[in-house]
Amino acid sequence: MALVSTATVASSSYHCDLLLFPTARRSWHGPRRSRGGAGARLAVLERAGTGSGLAVLERAGAGSGAGLAALERAGAATAAARREEVVPAGNGRNSYEVESLIDRLSNLPPRGSIARCLETARHRLTLQDFAAVYREFSRRGDWQRSLRLFKYMQRQSWCRPDEHIHAIVIGVLGRQGPALLDKCLEVFHDLPAESRTALSYTSLIAAYARNALHEEARALLDQMKAAGVAPTAATYNTVLAACARATDPLVPFDMLLGLFAEMRHDVSPSVRPDLTTYNTLLAAAAVRSLADQSEMLLRTMLEAGVSPDTVSYRHIVDAFASAGNLSRVAELFSEMMATGHTPDASAYLGLMEAHTHVGATAEAVAVLRQMQADGCAPTAATYRVLLDLYGRQGRFDGVRELFREMRTAVPPDTATYNVLFRVFGDGGFFKEVVELFHDMLQTGVEPDMVTCENVMAACGRGGLHEDAREVLEYMTREGMVPTADAYTGLVEALGHAAMYEEAYVAFNMMTEIGSLPTIETYNALANAYAKGGLFQEAEAIFSRMTNNAGIQKNKDSFDALIEAYCQGAQLDDAVKAYMEMRKSRFNPDERSLEGVLNAYCIAGVIDESKEQFEELQSSVAVPSIIAYCMMLSLYARNDRWTDAYDLLEEMKTNRASSTHQVIASLIKGEYDDSSNWQMVEYALENSTLEGCDYSIRFFNALLDVLWWFGQKARAARVLDQAVKFGLFPELYRDTKLVWSLDVHRMSVGGALVAVSVWLNKLYDRLKGDEDLPQLASVVVLRGEMEKSTITRGLPTAKVVYSFLNDTLSASFHFPKWNKGRIICLKSQLKKLQSAIDSSNGSATAGFIPMTNSHLPSPGSKIYTREAQADNGTGHLPDEPLVEEKESELLAL
């Protein structure tokens, strides 16, 4: 008569072995997710060296909620403490005969003869050797060869399977899902009834338990008792685990307590409840939010002399958290202290984590203080939980203070530093991440790959290319192979410094060492090109990504293309890229909408810009300062001052963002005094916390609006702040040969501010009789566009050229050898120097008066008069005087 029916069984897989024999060893592998059956779960039996078994509940499929996470942890820590590695094939620990047999059986074709495989080893193999073979096949999940070998052994007198072999084979078959449960029964029935002990019964019970058949497992336990076979603790733990794991419906907790009572009242010492038993029940109580029963179980296990472990405490905390009564856990710990049962650090850690999951910072800190008051020394893990919580809440001063406290109590480990790197990196404190990395090395804490990736990511966002190179050198020196994420950080850092060639070299270096670029790497390089308007290079890198690497563009890729086209004055292409993004079913975010708004504003189309700005307002709670500044610049350039002042007032009255109010007041000239300027500096510094990508766009937009509003002095102060923050590191570069200004990454207004400041510095240097270089140069374009003759017609190049020649008549020109630079030769610099020397008596402070104009009144025409319609070509010189000099400058 069949023991149980398998006709209607939910499909499930079971990954963990049943270890019911002292010689069996296996490693702990991650569980396979169940693919069928809503109630499918995992159960594990392990036998310790003394013979007592363990049952471990593992997490089921999705949808089970936090309670099932508690079930997953039931007994896991205890199992982890006791589990041992499987003896893998080929590691030299098996005998030569066993290794040879495994190899021969592995290479045996489906219809090959097992008898021939065993001919040479006949009578030289013991049942223990066969057990090693089965364990290897079990590790591989090769149940077919296991079953064929078992059937062969059944027919042989010299190697007839004993109960030990039967139990192993049942375990191998049981892990393959409910479809093989009938074969498990066949193997079980092959064993004579008088030879069956708790070992074979428990292995069969585990096969049903691991397939979520708790009723059948319970029926087998009853039949085992009826057959006069005494169960062991492992048997009960297996049935308990199966019942506790059932979810559709939940097995009543009273039934679990009934099994628990049977164990407690069993006279056999081998059936005494152990730690796994209690953890299983505590997990089931947590699933059912039974806080009172959890407390009862805790008291019972303490009275029985069973010490709770980390898993026990976590289940208790989960039960009280589900019941909404976490404060009772702290009282329980105090009561345990009073009775001489001191909770360990993991107990407090579990309670602290429960508070952090709901963002209860004060309560989590209170747990730390209680822990210290109870005489339990906090661990590094304890502090890590709080450091992470403070970081997620943006309380960075709290992170620093807590870390200082930690260093006096317990040495920080690698995981702690990794939390700090992530927290400060996400918070925008990029230089602090680098400082912490050096501190980590000085204190002797060894970084791991996660450490280096986090530091490189911070360097990338912060544009810290020198630090990124140092970290990469450290990784190479320590024998660590940099990952794609590490190289992405380097590429991003170099890109933010406008070091395009170096970024491209780093990009290519990845492939050489076998670290293939990811889409994030391609996007990082494309973003670098985009900031400088190198749209042709951005197109080429995305073509390489799509055609060579087979990676399709994502939303960030399209955002980079849109920005590259806008900065490169390819406005139609920017709009086309946006439309392609929409066709590719990527939902535009704030960055995407700002990119299209930028294209419309540069083109000067007011209606389309207003429509895009309104779409942006409907998509986000408050449009960014960048979007506001774009619209303000557009209105100013078109002398739409009424619209501009209305928008300024909207910014100033925005109660959702104090930064909007400060920037509006800055533009209106209300924050020039020292006390209010500190507020401006604070707002500007906060923008850098978003990383260089955002900061460059922020300062470009702000400088643009300040210039067109006539606020030159304020614009110069803002530019000075940007330089102090490390943005636009390419802006000023001086050598004995060249005095250079690079504005190719700046907006038109920002470029004019930078040119004005640079010209006044040039004035001071000429007045100070410094040794003159061979030329002074203003870089307006980089990349492939330097070779094109159309560059002088692009907005930035045209406006800057006109501005230079309006200021210093015919002193600057486009050289033939580079169309992305506007240069002034040494001969012209000497003429300027002579002119300055001849006007010593004048009160001129520089070439450009950097003053703040009064805001124009509504209706004023400043930029739209016909006299302003210069196309930028009227200043092109005949150049006969400079051509003879250019050939000698080519080498520069």
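Cβ coordinates come from backbone N, Cα and C, glycine included.
What TrEMBL says about a protein is an automatic prediction, not a curated fact.
Noted in TrEMBL for the protein shown:
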| type | residues | note |
| --- | --- | --- |
| REPEAT | 197-231 | repeat 'PPR' |
| REPEAT | 274-308 | repeat 'PPR' |
| REPEAT | 309-343 | repeat 'PPR' |
| REPEAT | 344-378 | repeat 'PPR' |
| REPEAT | 379-409 | repeat 'PPR' |
| REPEAT | 413-447 | repeat 'PPR' |
| REPEAT | 448-482 | repeat 'PPR' |
| REPEAT | 518-548 | repeat 'PPR' |
| REPEAT | 554-588 | repeat 'PPR' |
| REPEAT | 624-658 | repeat 'PPR' |
| DOMAIN | 741-830 | domain 'Smr' |
| REGION | 858-892 | region 'Disordered' |
| COMPBIAS | 876-892 | compositional bias 'Basic and acidic residues' |
Pull the DSSP breakdown for the repeat 'PPR' (518-548) and write it out as helix, strand, coil residue counts.
26 helix, 0 strand, 5 coil
Below 8 angstroms Cβ to Cβ, which residues of this chain, lying six or more residues outside the repeat 'PPR' (413-447), approach it?
380-381, 383-384, 387-388, 390-392, 394, 396, 399, 403, 406, 454-455, 457-459, 461-462, 464, 467, 471, 474, 688-691
Per-region confidence, the repeat 'PPR' (413-447) (mean pLDDT, whole number):
96
Using DSSP, what is the helix/strand/coil residue split across the repeat 'PPR' (309-343)?
25 helix, 0 strand, 10 coil
Using DSSP, break the repeat 'PPR' (197-231) down into helix, strand and coil residues and give each count.
25 helix, 0 strand, 10 coil
When the repeat 'PPR' (413-447) is classified with DSSP, how many of its residues are helical, how many are strand and how many are coil?
27 helix, 0 strand, 8 coil
